[in-house]
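Undergrad: I'd like to ask you about the structure that follows.
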Amino acid sequence: MVDTTAPTTTAMREVEPSARPRAVRKPRGILVPLWLGYVFLYLPILIVVIMSFNASENLFVWKGFSLRWYPELFADEKIMQGLGNTLIVATGATAIATVLGTLLAYGIQHYTRGGLIRAFAIAPAILPDLLLGIGLLTLFSLASVTLGLHSVILAHGVFATAFVTAIVLARMANLDPSLEEASRDLGAGAVRTFMRVTLPQLAPGIVAGALLAFTLSIDEFVIAFFTTAPTQPTLPIVIYSMVRFGVTPEVNALATILLLVSVVTVIAAQRLTRLTGTTR
């Protein structure tokens, strides 16, 4: 008998080396501008955090580690007034944005087919803050609305609603529509189905949107600058008035606290957003 397997085995051995995928070399040159970008972004933040613990009043002279600027920060009446106003505005704006954003996302998902309404709902998130600030100021002037914390709450509520809408819409895309259909087949109305079936599933996305809205309202400056009264400044406006004549150690301490609050809030929102994509 003639052995026919030998040529086949030899041919396979000859083909195997060329059939193996070659290792793709990663371009190392791209890492240099990448790291330079990271340094450019985060080095100023790191400097602010470090200098908030500097015992010296001179920002360019290190005299040792100290926490003295944090008690002095909380003893400053202007900063405490700005902080109180900011918390009031952020809480009110978050409540407005959470309710409107959730209802708007639900309506877009169930009662619209085109993308025009969706685009209009999310447009405030991508429009320049300067444009929103001037537009809202004009609207308040035409409506004879006296500027104050209430006007900032309304303005930030409009601004943050777009972000809540986008997050809740992303959550609704992962929901199983058969659950709502089953609820209605069993005799539940639209409101009862929304409260008992849809809303519990949307909860992670709603909380994530609320956390993001709260963070955005705390840090927002431009819209608040146009829509608040001079006697009721928010914290970013107070900081701006302080740094106009130079950065002080108290400002560094305040920036460090705001950074910590923002990082914790954003991490919580990201985890909830991931949860919305992995759970049904």
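Going from the start of the chain as shown, residues are counted 1 onward.
Positions of Cβ are set from backbone N, Cα and C atoms, glycine also.
Automatic, uncurated: that is what TrEMBL annotation is.
Quick paste from TrEMBL:
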DOMAIN    83-269  domain 'ABC transmembrane type-1'
TRANSMEM  30-53  transmembrane segment
TRANSMEM  87-108  transmembrane segment
TRANSMEM  120-143  transmembrane segment
TRANSMEM  149-170  transmembrane segment
TRANSMEM  202-226  transmembrane segment
TRANSMEM  251-270  transmembrane segment
Undergrad: Check the transmembrane segment (120-143) against the transmembrane segment (251-270) for contact, please; criterion is three or more CB pairs under 8 Å, pairs 6 or more apart in sequence.
TA: no
Undergrad: Is the transmembrane segment (30-53) packed against any residues at least 6 beyond its ends, judged by a Cβ distance under 8 Å, and which are they?
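TA: Hits for the transmembrane segment (30-53): 59, 65-67, 69-70, 249, 252-253, 255-256, 259.
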